Amino acid sequence: MASQGRRRRPLRRPETVVPGEATETDSERSASSSEEEELYLGPSGPTRGRPTGLRVAGEAAETDSEPEPEPEPTAAPRDLPPLVVQRESAEEAWGTEEAPAPAPARSLLQLRLAESQARLDHDVAAAVSGVYRRAGRDVAALASRLAAAQAAGLAAAHSVRLARGDLCALAERLDIVAGCRLLPDIRGVPGTEPEKDPGPRA
């Protein structure tokens, strides 16, 4: 009876060692599961005040109390020249801004060159404008001559048209006169006409 009341122990599987990452055993799994149950399945009674934090396996996050690591100061390279700071007062800066820049002094040769350049520009502009004016006058005269010739041609065409109308009217009148039977024959000379035979006397 005692032997039957006892539970049979489960047979342990033979453990094999494999090179690489180690796996958890049954005892480790049971221990971790009991710890998680203690963590997450703790007393569920109502708690007041500040809530308790939960512990989670993993890397802990940084808090505000932990000081941030300050970057280490890097030494400046020795090849750079030393920095020189020049400070100017407000009065000096204002005075330099208000002072006008001195005009460069012009020599006599530069003045002569400027005068000759101005005269040359004036002469070139006058010559070009004179050429354009003469060409404009010539074109205007030619246009007026062409207009006069066109007017003369139109007048001659009108005169020819009137003469043609007069000739047509005269030809129509001559046709009327030639075709009329009521007028005497003007072609014969009087006295030379043949005598008409009188009819038989009764």
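Backbone N, Cα and C define each Cβ position, glycine as well.
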Subject >> Candidate set S27, S34, S44, S65, residue annotated phosphoserine in Swiss-Prot >> reply: S65
Original post:
Out of T23, T52, T63, T74, which one does Swiss-Prot list as phosphothreonine?
Top reply: T63
